[in-house]
Amino acid sequence: MALEVCVKAAVGAPDALGDCPFSQRVLLTLEEKNLPYKMHLINISDKPQWFLAISPEGKVPVLKNDDKWVSDSDVITGILEEKYPEPSLKTPPEFASVGSKIFGTFVTFLKSKDSSDGSEKALLDELEALETHLKTHDGPFIAGGKVSAVDLSLAPKLYHLKVALGHYKSWSVPESLPHVHGYMKALFSLDSFEKTKTEERYVIAGWEHKVNP
């Protein structure tokens, strides 16, 4: 029986896959584990009653697990790994937190209106730490030659970083970070990523109200 998952629909396009990086993380995990699933696109600005009944807080993603709906991408991906251990997507514990601060520093920099507030440097520091890790370990992925959970968490966030900062700040990852560029290329080339990514215009639309409140 196919698993069921509720994910965000695109802003202004309720029939298109939306821009939620946490939803994409769950979809990437399902794809990499070759698990059949039924996807429900949820219009976040007009949530259907049946969805609010299963997710009272109105949050996505949610996954149906043994007739119970579960929220939070950390919890969902943990359940999928436990229940469907092959192929394994476990990240070795020593690599599990690599890149974990990139998304937060990206959001702060994206929303910043003050070029001297240190938000760009904070993001660059995190990207340089990722560069150092990738340069000193076999790749192309964080834990080696095989994609793992930490990559599937980072991939959508790095896609948002690339698209949103390119659009709103004409900013891109510096060429002085070649391993980060190679890593992003490897992630974005995955079949699972191609299948589960939203269009760039929906990423831009999704950040609009946060950048220009």
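Cβ atoms are placed via backbone N, Cα and C, with glycine included.
Please treat TrEMBL annotations as automatic predictions, because they have not gone through curation.
Quick caveat, the model's predicted, so the values are computed rather than measured.
Look at TrEMBL and you will find 10-88 tagged as domain 'GST N-terminal'. The domain 'GST C-terminal' feature in TrEMBL is assigned to 66-213.
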### Query
For the domain 'GST C-terminal' (66-213), what is the mean per-residue pLDDT, to the nearest integer?
97
### Query
Where DSSP helix means H, G or I and strand means E or B, what are the helix, strand and coil counts for the domain 'GST C-terminal' (66-213)?
92 helix, 6 strand, 50 coil
